[in-house]
Each structure stands twice: as C-alpha cells, then as structure tokens.
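The structure appears right after this line, and notes come after that.
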Amino acid sequence: MENEYRLRFFEEEGLKRKRCKVCGSYFWTKGEHEVCGDSPCQEYEFFDVPTKVKLSLRDAKREFIKFFEEKGHVPVEPRPVVARWRDDLFLTIASIVVFQPHVTKGLVPPPANPLVIVQPCIRLEDIDNVGLTLGRHMTGFHMGGHHAFNYPDNWVYWKEETVKLAYEFFTERIGIPEELLNFKESWWEGGGNAGPSFEVTVAGLELATLVFMQYDVVEENGQKKYVPMKLKVVDTGYGIERIAWFTQKTPTAFHAVYGELLHEFHKRLGVEEPPDELLYELVRSAGLMDPERPETLERVYKRASEKLGMRVDEIREIHSRASLVYQVLDHTRTLMWMLADGIVPSNVGEGYLARLVIRRTLRALKKLKADVPLSELLELQINYWKDDYPRAWKNKDYILDVVEFEQKKFEETLKKGRNIVIRLIKKKKQITLDDLVELYDSHGIPPDIVSEIAKEMGVRVEVPHNFYSIVASRHQKTVHKVKGAEEKGKLPPEIIEWAKGFPPTRRLFHEDPYMKEFDAQVIGSNRNYVILDKTAFYPEGGGQAADTGVIASGDESYRVVDVQKVGDVIVHVLDRDYSGGKVVVGRIDWERRYRLMRHHTGTHLLLGALRKVLGDHVWQAGAEKTPEKARFDFTHHKPLTREEVRKIEEVANKVIDERRKIRAFTLPRNEAEARYWFSIYQGGVPMSKDIRLVEIEGWDVEACFGTHLSNTGEVGSLKIISTRKIQDGVVRVEFVAGTRVAEEAAKMEDLIREASEKLSTNPEMLVKRIDALQKELENVKKTVAEYRKRLVSEYLKAAKALDGIKYVKLDLRDPELVQEVLRALSSDSPAAVIVDGRVELAAPKGVDVGKAVREVVREVGCKGGGKGNRATVVCESEEKVVELLSKLAAKLTSQPSGRRG
C-alpha cells in the first residue's frame, strides 16, 4: 500500500514519510514534528500559525474558486442541498455527490473537466456534537472541490497534480508555512467506490481531504472485493468554513462564519457572550472533546479552571449555554438551505430530516428559556445571507410560514405526548433506546422530555448523547426509482428477458403525438406479446396509462390491451396469441389517447400554477393520468384552502386561454440542467446522457417521456374535483380536463338536483333549506337530550340488585341512553343494562368484568366477551340473563380486588 502514497512530488519538495507517535498513521511533511497534525493527536494550535490572508467565508469561497480557475479548472454552479438526482441519498453530503452516479459511472460527461465547485452540504451524522465542539462539527458547511474525471482516452490529472495543487493553494495562496503542512495517508470508501486518500492537516486542524476514487467495491461470496474502475476520479473536499476560521483565528469557527450574526443571536436569545480567553482555552481542546464520554469534557473544564482561575461549574454552565446558541445558529442556517431548496417538513424522507433539525432547534430554545419564535431567527439568517443564497430570499415567505406551522405543531405534540409516555412506562416499566426512537419517530416526542416524565414516575432513562445522530442515520438514505416494466411486474419475467434481445423501438408517438394510424414490421412475437420496429402506441410510463387500440395483419385484427417498455424496447400485449404476418397496421384508440394527452399536459399546467400560487417548494410526489381524470400528489405543508383552489384553477385556465405553444425537444443533460435547473426533474431523474424536455412556453419545463398537446388551448379547461392531505407533507389534487369538465359538471348538477328534490326545494334555495334543517336538527337534539336525561333518572330508580350487581332492563334501543345509564349505575359497583337479551356490563376501575365474563359465558350458554371493567354479552332468554348475572356476581366476589355495592 505504501506505493499508493509515495509520490514524486514529495521527493522533489523534500517531504519525508513519518509515522505519528500517537495514532500510528503515516504522514508526509517537511517539518520536524512527530505527530500527524490531526486531532486528537494534536490540540488546535493553528491559532499560532501565521497566514498571508484573513478571509471571511465569502472571501474563502471566492479565493478557492479563483485559485483553481487560474489553474485551468472551470467553475461550476453549486447544486441544491436536496440530492434529488440520487436514488440512495436525501441530502448533498459532499461535492462529489453532485456528479454521482451519472458522471462517476461514465453515463454522462461532466459539465467541465477539470472543474471546481463550492457546494453547500448537509451532514447530520454528528448533529449532537454541533455547538459543544465549538465549530469542529457543523450540520451545514461548504465543501470546496476540484474534480478531475480520468477516462482511458482522456486523462486529465491524478495524484501528483492533485497533491501539488493542494500544496500550492495552502502555502502560496493562504500562506501556511511549508513545514507545518501534513499529508496524512488514509483510505476512503463510500457510495460503492474506494481509493487511497490524503488528509491535509495543519496544527491540529484538518483542512482538506484528497481522494483518488479508483475502485468499485463489490461483494463476491460474502467477501469484499475491489475492482479497478475504468473512469478514475479525483474527489477532493476542502473545508471552506475551516479555511476561513484558520485565517481569522477567531475564538470559535462560529465567530469566523457568522460574524455579526453571532452577536445578534446571543442578544436575541438572552445569553451573555463568553469571554474570548475562555473560548480560546476550550477550543484548543475541541479535538479532545468527546461528548459521548463526559469525562473528556470535565478534563477540559478542569484544565481551563486551573489556567484561568474560574470554577469548573461556572465554566461548564457558560460552555453549555454558549453551545446551545451556536447550535441554534448552525441549525437555522441549515434549515434555511433545506427549506429554500424545497424541502417540506414531514415524517418521511428529506422532510423527516428537516423536521428533526427544526425540533432539535426548538428544544435548544426551550433549554435556553428563550422566548423567541424560530421564524424570527430564520428571518435573521435569510436577511444576512440574501446575497449569497438568493433562493432563500426568494422563498422567504414559505420558509417563515412553514417554520411557524412546524413550531405550533411541535407544541401540540408535546401536550399530547405526556400521556403517551406515561402509558408506555406503566406498561413496560422501562424505556429502551428503541422505545425512545419509536416515540420520536411516531409521535415526535424528544428524548429529554421522555426522560423528564420517566423521572417523575421513578424510572431512569438512559438517553445517549448521540440520539439525534442515531435517528438521522436511520433516515439518511432511501431508494426511490422510476420503475420500468421490469420492476412493475407488468410483464412475465421470461417476456422481459426475451424483449431485451431486440433493438430499440422507434417511437412514433414522440415524432408525432397526433399519429392515429401507422404501418410497421413485426420483428418479434411470443404468444400474445409483439414487438414492432416502430410504434405509435404509448407504453405505460411517467404516470401516463398505456395506449390501447388495434393491430391488424391482413384480415386478422388483435386488440392491444396494454403496452410496456423494457429498456428501449416496446412490448405490445394483445388480447390473444399473435399468428399474423410480418407487416401490420396499428390504430390507436384516439379518443382515449387524446383524453390522456389533455390530462398529461394539464398536469404540467397544474404544477406551474401550484408553484405560482403556493411557492417553489411544491414538488411532484406522484402522478397518474387516466382517460377519466388525473391525480397529482405534491409536497406542501398544509391542506389547500378553498381560496387557494380557486386561485390555482384561475391561473391554470388563464394559461389555457392564452393558447401557449408546447414543444418537446432533447438536450444534453448538462445543458438542460444549466439552462432550466433541477426543477426539470419532477418525475424522477433519467440516467441518460440526453434529456427529453417538454416546455409550455413561458410557464413550465420538465423532463418528460409522455405525449403532449401542441398548445395549451387544446386542454380546453381544467377543473379540480378534489383535494386532500394524503400524508404528512403531501397533498393530493384530482382534476379533469377537456370534455371531462362538462361531464363532471353534469354529474354535480344531477347530485344538486336530486338533493333539491329530496328536500322539496329548488337548487337556488338548497343551501338555505339545509341551514334551516340544521337548525331544526339542533333543536331536536336538545329536546332528545332533555328526554334522555329524564329517562336515565327513571331507569336508575327502576334498577334492581342481584347478589351485588345492579341491573335494569331498557325497552329503548338507544346506544347513548344505554351508556349513560350504565355509567351512572356502575359508579360504585358492578352493573348491567339489558336490552332485548343484550347485556352491557361495567364496573368501577380495578374490577375485571371482562375476565369474569370469559370464565362464565359458555357455562351459561351465552355469547360475549370483554376487557378490564367493560364487557358485552348476548343471551337468548331472560332466564339465561338472570343465571349470567348470578354467576358473574359470584366470580366478582372472589376477585382479590373485587368490590361490591
């Protein structure tokens, strides 16, 4: 392995290979020191290291880009923090994620080669350490990356050049003395790839990692195997926040990153800023702090106490409160990024991670007893960073609204949560880590709240320091794919395998979506499955139903009942086995197809209207287009109001009236993303070099496989027929378009007319008639309640007792009356209410009527059961009822806790 790290550059520059006397890792340096320069092997001593420049975060980003641009790299715009192009990640955790898997797998060329990018990233694995380690850990950070993609026929650069670039950047541009720079040997694995790497460290602080991605990691017979990649990738990650901190030498990284905003947060949260000398003393040992081992913190406090003459408990309190301020500062910027890029907090996916950050921030505010709305702090962040993150400024209204909504929701959760925790403790007598995770996942109850409630009940709960990291790690990854016929199971496995052997089918439905009839050659048939050289039949996909119609060969006609896509091959499913010739005529069921086209184009129109009315956070979560109607699921934090529905319809129909042009065209993926951004990927991200786009002029552009109209006027009109929240953070809209609007209107007219006739009024007076009936009903309810009250009193007077069980027979089948009588009768002893052989039983708490019933019911010849102090039994005769009550009385008397009146 040593050869992987022995470079000509090191020899030429005089760097020697050493072994760290603390951790045993090998590193390369010009210096005489014996440690690798990383923490915890070395404390943070970079405060004493001189530099040429003093860089703000903005300056550090600019200098990084400028340096590598001068070295021949093309700057690339940063991508969203939501990794919607990945099917295994929710968040962008590194700059290389931007190019995985489409570029790193060789499917798509990079946007430039070599390139440089400063990418906002979010990692939640160490969320519990944020604040406590004074800037060593952050949930949100900028990763500077210079990347080179080395193809067999286009080699760019590799280890020698990468290390030289890093060396020059840190020594020449930043001005770090050469003898203090270390290149620590390491090994990197992630995302199915691996390779050797160097960690660039200086005086305790890691400033960059240089990864040489050269292996695919595969598993064979349970053994990990490294297979050389054809495409070798230079994957570097420079900590831009750390570079800013390194050059500014501020007491914490938060001071370097947030500047005046840090002071404002201290003021708003009512927390006095710690003295700089204390922070400097604590931060030097930040690399030694392991919050999962409290004794490491205590050692740091004790040392600071001895040096500064302060009490340990005083230092602990100051550090704890300042840490919470830094945590809130970090989390609110991370939230700003998440929400600005369209995440809607929910209980699944990336929405779950956003909610986790929100709720952890709210708990920090609670611990500080800070009476400050979270939205107020988000607004400070948005205003402070508006020039750096214009998407946050643009989506400010949504960000503040959703945060206020989430804060209210969390407060309601805490009110309900107490009883949930109490019930669980009574049932289990203890709370495990799995219980804590379940309580948080399913009910949103934070672990510290659980611990407080448990303590009141005399139960001790161990809450791991890294609880939120554990929870986040369970929700960091996903698998969401646009399914083809292979995954949908619409075709038998043997047909899928058979279809893979044919060349791609020419797509006439894309060349001319209005083609109703076509000639084609049969190039394969297998039972009732047929493959043509070209087809106008649209295969199911993108939420659009498959076409149906007829395939004719000579005098024979076959119904096309389904069409599926296997890769680039289109399979036609017929109503019977095919026995025709090689030449066929295909005829589309045009009326059905045209309705599908109207609904598909209508869906694109609707999405544009939703984003216009509700905001850019609206993102497709699912869609289905059928001839009858279309369904569109989208991300949004609240159910739609009637006013919003009307506005959405109005906006969509205005675009229909404007008869805007619609065109479908193909662009190279990189060009499509650069021109239209990532909102084109509403229905998933195709892993292809070229992207087919559908554009509604001046309104909407999406990557889409479906068939569309030529202008919006052909949609006719659009009417939303239903909206509902289908899950946390997802709203479903169903709508109809074209002639279906008139059909739906006729259906509603019939319903209104029928209702009017039944209520003996005309449609215009229907609402008034219903209002009048509601008032009548309320009066009737009041009258019934009064009579019921009198009846309860009468029945209580008529009650009898049988061996300690009170009972009464009712001659009215009124469930509410039965329950009211039973409640009153069983307040101090077991009781029964009998209605037509049905016996409802109840008793005071502590009396197990259910158990007694289960023991005697068969013996008596009745049927029934119960649980706790309630039961229901059905008997065929009055004699059996009497026998039942008598035997129950005996059983209840023998119960240890049985009570009788």
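Any Cβ shown, glycine's included, is placed from N, Cα and C.
Straight from Swiss-Prot, the features:
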type	residues	note
BINDING	His600, His604, Cys704, His708	Zn(2+) binding site
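The number of other Cβ atoms within 10 Å of the Cβ belonging to His708 (Zn(2+) binding site), over all protein chains shown, comes to 22. The Cβ of His600 (Zn(2+) binding site) lies under 8 Å from the Cβ of Gly542, Gly543, Gln544, Lys625, Ala630, Gly706, Thr707, His708, each of these being in the same chain and 6 or more residues away along the sequence.
DSSP assigns His604 (Zn(2+) binding site) to a helix in the three-state reduction. If you draw a 10 Å sphere around the CB of Cys704 (Zn(2+) binding site), it holds 26 other CB atoms from the protein chains shown.
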